[in-house]
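A quick write-up on the structure given underneath.
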Amino acid sequence: MAGLKERFQAFVNNRWLVFVAAMWMQSCTGPGYIFGSISPVIKSSLNYNQRQLSKLGVAKDLGGSVGFIAGGLSEILPIWGVLLIGALQNLIGYNSLWLIVTGKVPVFPLWAMCVLIFVGHNGETYFNTAALVSCVQNFPKSRGPVVGILKGFAALSGAILTQIYTMINFPDQASLIFMVAVGPTMVVFALMFIIRPAGGHKEVRPSDGLSFTVVYSVCLWLLT
């Protein structure tokens, strides 16, 4: 029984488990990359002109740029707390946008719509911060490859979410907004207690080179 407990502790504190979980999260939590896919339905449903839509795009970009709040909170809160805030922001921002686009609630003024999309996209900065802080601390001698891989998966997330939406074949484009609101939130809730600075071995091991090679191969396969 003691041996089983030790093996479980070793598994939970395995930094590669954290890294894989962070890659999974990054590959599903990049809604900002698919703004071009959801903007047509926003424009048509709310009767926006191109200038109004551009203002929403600027608000979205600002939300993705203001990452210092997430960085500051990562020094105060546990990583799961940072992820929780990001997940709630993502859910509130994009779910509210979906409710408005589908006519389930009255249309908000443009400035309020900008606030909603700012809040929703700003949640992504919490996901990025949690993943990077955890994995950089877990791989202090391999920070460059770790950061590059995680940012690569974040960039792929838009394509992955779009492919999932295409496979499920939702009846309308507004459903993509709902998927962006719910999908990343569910992934973060499932992984929020796994992604953290691990307490196990953090020194370079001979097997690390092979492990990174496997990860690089997966990245190249996804790109093709």
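Just so you know, glycine gets a Cβ as well, placed from its N, Cα and C.
Here TrEMBL flags 15-221 as domain 'Nodulin-like'.
Annotated transmembrane segment per TrEMBL: 16-42 (among others), in sequence order. For the transmembrane segment (16-42), the list of distant contacts is 48, 53, 56-57, 60-61, 63-64, 90, 94, 97, 101, 120-121, 124, 127-128, 130-131, 134-135, 138-139, 146, 149-151, 153-162, 172-174, 176-177, 180, 183-184, 187-188, 191, 194-198, 211, 215: same-chain residues at least six beyond its ends, Cβ to Cβ under 8 Å.
Within the chain carrying the transmembrane segment (62-85), a Cβ under 8 angstroms from the stretch's Cβ atoms is held by residues 32, 117-130, 133-134, 188, 191-193, 195-197, all 6 or more beyond its ends. According to TrEMBL, the feature transmembrane segment maps to 62-85 (among others).
Outside the transmembrane segment (97-119) by six or more residues, the chain places 41-42, 45-46, 52, 55-56, 58-60, 62-63, 89, 174, 177-178, 181 with a CB less than 8 A from a CB of the stretch. The transmembrane segment annotation in TrEMBL covers 97-119 (among others).
The transmembrane segment annotation in TrEMBL covers 149-168 (among others).
Annotation source TrEMBL lists transmembrane segment at 174-195 (among others).
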